[in-house]
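TrEMBL has this to say about the protein:
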type: BINDING; residues: H128, D157, D161, D249; note: Mn(2+) 1 binding site
type: BINDING; residues: D157, H159, D249, D251; note: Mn(2+) 2 binding site
Amino acid sequence: MKNYSKPKTDNWQGRKSTKNLYLHEKVKCVPLDEIPEPPKKSITLLGYACDKGVSRNQGRVGAVDGPDVIKNSLGRFPNHLPSAVQLYDAGNITCTKGDMEAAQAKLTSSVCSLLDKKQFPIILGGGHDVAYGHYHGIKKHLDSKKEGKSIGIVNFDAHFDLRQNTQNNNSGTPFYQIAQECKEEHISFDYLCLGIRKDANDRSLFQTAKELDVTYVLTDTFQIQFLDEINTWINAFIKTVDKVYVTIDLDGFSSAFAPGVSAPSPMGFTPHIVLECLKTIIASGKLISVDLAEMNPKYDIDGQTAKLAASLIHHIMDLQFP
Ligand SMILES: N=CN[C@@H](CCC(=O)O)C(=O)O
Ligand SMILES: [Mn+2]
Ligand SMILES: [Mn+2]
């Protein structure tokens, strides 16, 4: 299959038990086209092993290895999933000959098929261009049902990623591309950014955000002491949409927590505020799919970023499948 590699059991190792106490014992490595339609919802992890968007955006490459490193870290975590909930690793979407658009297209069809099969997808990046393919997979799935359901995007990120794609599509353009397509389709572009850094987005990006009516919280106020106000913003946003797609760019976290990214944020946000926001979003019952972007093992220190990513996934699974 083009732009795809099958799941590798080698990625799943750790302490051994006889009772599925660990996630490496719980997970089933199943190729994408063999993922079953379960009677109950279940979870599928799928990697987006591509950093072409990062290199096109003049960033530091290495995120191509992000998905496998996250899986490797996650496998060592304890398994608290109900036994009726399945956990699959469906392998990785790959990028060949620098054709990022082909990788995004493959991600779109894969996410759509996972959602058609009632899976809860957790996509592991890879550059933040993962968001373009991921969003379209959700959209394709919802559009096929012809129920007119809308998608709200919640992006935890230091960056708007609203750069114009006049030169090329890259890791800094996905939400601009989506916004333009929404305009063409006469549907609203619902985009909430949490943790935006003023010192990492130029004036024209703030202007684009204003023109597109983007709601955002700056990283200075994206802190636990402002949680009530942040929750008010999140709930107001969620109310206006039918489904919520959450994308977590690891570079929004302070580099004290997430050094292993292409563009680190020394004064970024904490994991605690993100967790509280995830609780609010998941409590709404509207969360349809999640991704984690920009995991770059080349710059990680002692596996901290991979462990943070794995811990976020663990929390999300716990909240979504109590
Ligand atoms: N996905 C990341 N996008 C950021 C990268 C910033 C940087 O390279 O410093 C952006 O384009 O703004
Ligand atoms: Mn970012
Ligand atoms: Mn980003």
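Along the chain as shown, residues are numbered 1 onward.
Heads up, the Cβ atoms here are built off N, Cα and C, so glycines get one too.
Apart from D157, H159, D249, D251, the Mn(2+) 2 site neighbourhood in this chain, defined by C-beta within 8 angstroms of the site C-beta centre, holds H128, N155, F156, A158, D161, G195, L250, G252, A263, S265, A293, E294. Cα of D251 (Mn(2+) 2 binding site) to Cα of D161 (Mn(2+) 1 binding site): a distance of 12 Å. For the recorded Mn(2+) 1 site, residues H128, D157, D161, D249 set the reference point as the centre of their Cβ atoms, and the other residues of that chain within 8 Å of it by Cβ are A131, N155, A158, H159, F160, S171, P174, F175, T247, D251, G252, A293, E294. Here the binding-site residues are H128, H159, and the one ringed by the most other CB atoms within 10 angstroms is H128. DSSP gives D249 (Mn(2+) 1 binding site) a strand state. A Cα-Cα distance of 10 Å separates H128 (Mn(2+) 1 binding site) from H159 (Mn(2+) 2 binding site).
The separation of D249 (Mn(2+) 1 binding site) from H159 (Mn(2+) 2 binding site), Cα to Cα, is 9 Å.
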